[in-house]
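Per Swiss-Prot, the feature signal peptide maps to 1-27; the stated evidence is sequence analysis. Residues or ranges marked as beta-D-glucoside binding site in Swiss-Prot (evidence: similarity to another entry): Gln59, His160, Asn205, Glu206, Tyr345, Glu416, Trp463, Glu470, Trp471, Phe479. Per Swiss-Prot, the feature active site, proton donor maps to Glu206; the stated evidence is similarity to another entry. For Cys225-Cys228, the entry in Swiss-Prot reads disulfide bond, with the evidence type similarity to another entry. As annotated by Swiss-Prot, active site, nucleophile applies to Glu416, with the evidence given as similarity to another entry.
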Amino acid sequence: MRKFIAALRLALAAAAHLLLTLPPAQCYWLNPEIYDAGGLSRRAFPEGFVFGTAASAYQVEGMAKQGGRGPSIWDAFIEKPGTIPNNATADVTVDEYHRYKEDVNIMKNMGFDAYRFSISWSRIFPNGTGMVNQEGVDYYNRLIDYMVKKGIKPYANLYHYDLPLALHEQYLGWLSPNIVEAFADYADFCFQTFGDRVKDWFTFNEPRCVAALGYDNGFHAPGRCSGCDAGGNSTTEPYLAAHHLILSHAAAVKRYREKYQLYQKGRIGILLDFVWYEPFSDSNADRAAAQRARDFHLGWFLDPIIHGRYPYSMLEIVKDRMPTFSDEESRMVKDSIDYVGINHYTSFYMKDPGPWNLTPTSYQDDWHVGFAYERNGVPIGAQANSYWLYIVPWGINKAVTYVKETYGNPTMILSENGMDQPGNVSITQGVHDTVRIRYYRNYITELKKAIDDGAKVIGYFAWSLLDNFEWRLGYTSRFGIVYVDYKTLKRYPKDSAFWFKNMLSSKKRN
């Protein structure tokens, strides 16, 4: 028996050594979590429900200084040393510009239906307006054509943080009313050029982040705020930028509906980020704080789009610092979506912070809330790599249900959802992402509950297919379900990718 045990130990040690030397792609069978769909399957969702992945041009394309692309505000923003960890850039990132076929093939192999990508404005119009860059047009035609060939439905987003630098230098971009016509012209060109194949459009991704992170705290390009080196005014500029973003969205939708929608037979919407804000307690003050947070976060954009006006709470607090819509603008903005994308990752507790600051200092200060991440010593959820990302599955149910009940149950797509690992994990560590599998399984289960209760959600997009350039975090954060070796750019599907493959190929509930 002792000889048998010794031989068994030796065999197990040899097997373990072999597995450690194998490419990660050969080791997926080791993780039983891949095969636990938790009762989820395609048939568990309404007929026609779409599963896809999402990404943005700046984060995945590369070729930032090639192919005729003009610089964006992000190219200028990250030039300052220390802005991005290790002074990283998106000049190459994961090079989807050249590797798009490989990436689309991965999507197809994993069973996904669609890819939500973004078009780089400055790759089409290097100066924001005027001369078209045909190389850029050709690239997007190749990408779209290959998706269609492989049966991957293209969901095109027109703007994901990357304003052409020329427009910022000319008139400060989103702070000028001139931007509205410029964006509408760019959108018009895209509808005309790609709309014969693209039937699902979004105007903006997370315009709240554009306004708040770009003009309130300067954390994102163009880095403006009160006290920022780039200048700015945190009490007014976020609201002005948001106002022009909303008008630009509505102007683009107007062009689409008047000129293209009837014969192209597509639909158009907007992508809004939404953290769920849970009252810290049942007190009226904490409940009011949570509602203010929802108004200042989601309502800032969805109230005008649904009702043609800003939330009453914002009008009361911001007062004359809040821009106003003319009657004509209000009519143009109201009902300017066929569907709405909700990007959801996490949830926070909200509590009343006490006396109001009577002197406005910033958009964030106008919320007048206190953030909390634990209650009675219990964290709201486990923390992912990003400091802001707590894993709170029930929050997605509450967020979607809130949109259903507050805004008349519009047609929704859960357009981003995911979690990150540290950027420095090895390939072997990175591909075995059990925590991410559990994140997706639990969040999608909660989403399904909201759908079963009547929420009109017609699709779900995981963020993201690939590890990529994660804005201010650079390459220190990995959101992908496919690991990318940034030295070789080789792709390694993670366990979570194979979990999706198993779940999406399931014919019935487990």
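Cβ atoms here come from the backbone N, Cα and C positions, even for glycine.
Features per Swiss-Prot, on structure.
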| residue | record | DSSP (3 states) |
| --- | --- | --- |
| Gln59 | beta-D-glucoside binding site | helix |
| Asn205 | beta-D-glucoside binding site | strand |
| Cys225 | disulfide bond | coil |
| Tyr345 | beta-D-glucoside binding site | coil |
| Glu416 | active site, nucleophile | strand |
| Trp463 | beta-D-glucoside binding site | strand |
| Trp471 | beta-D-glucoside binding site | helix |
Query = Distance between Tyr345 (beta-D-glucoside binding site) and Glu416 (active site, nucleophile) at the Cα atoms, whole Å?
reply = 8
Message = With an 8 Å cut-off on Cβ distance to the Gln59, His160, Asn205, Glu206, Tyr345, Glu416, Trp463, Glu470, Trp471, Phe479 Cβ center, who else from the chain surrounds the beta-D-glucoside site?
response = Ala54, Ala55, Ser56, Asn343, Ser464
Query = Could you give the maximum C-alpha to C-alpha distance in Å for the residues Gln59, His160, Asn205, Glu206, Tyr345, Glu416, Trp463, Glu470, Trp471, Phe479 that bind beta-D-glucoside per the record?
reply = 18
Inquiry  = Please identify, among the recorded positions Glu206, Cys225, Cys228, Glu416, the one with the smallest Cα-Cα distance to Trp463 (beta-D-glucoside binding site).
reply    = Glu416
Inquiry  = In whole Å, how far does the CA atom of Cys228 (disulfide bond) lie from that of Trp471 (beta-D-glucoside binding site)?
reply    = 19
Request  = Out of Glu206, Cys225, Glu416, point to the one nearest Trp471 (beta-D-glucoside binding site) in space (Cα versus Cα); all of them are recorded positions in the record.
outcome  = Glu206
Key: Inter-residue C-alpha distance, the residue listed as 'active site, proton donor' and Glu416 (active site, nucleophile) (nearest angstrom)   = 10
Key: Candidates Gln59, Asn205, Cys225 (recorded positions) - the one closest to the residue listed as 'active site, nucleophile' by CA   = Asn205
Query = Hey, what's the Cβ neighbour count for Glu206 (active site, proton donor) at 10 Å?
reply = 23
Request  = Round to a whole number and give the Cα-to-Cα distance in Å for the pair Cys225 (disulfide bond) and Gln59 (beta-D-glucoside binding site).
outcome  = 24
Key: Those residues of the chain, 6+ apart, with a Cβ under 8 Å from that of Asn205 (beta-D-glucoside binding site)   = Ser56, Ser118, Asn157, Tyr159, His160, Tyr161, Leu271, Gly341, Asn343
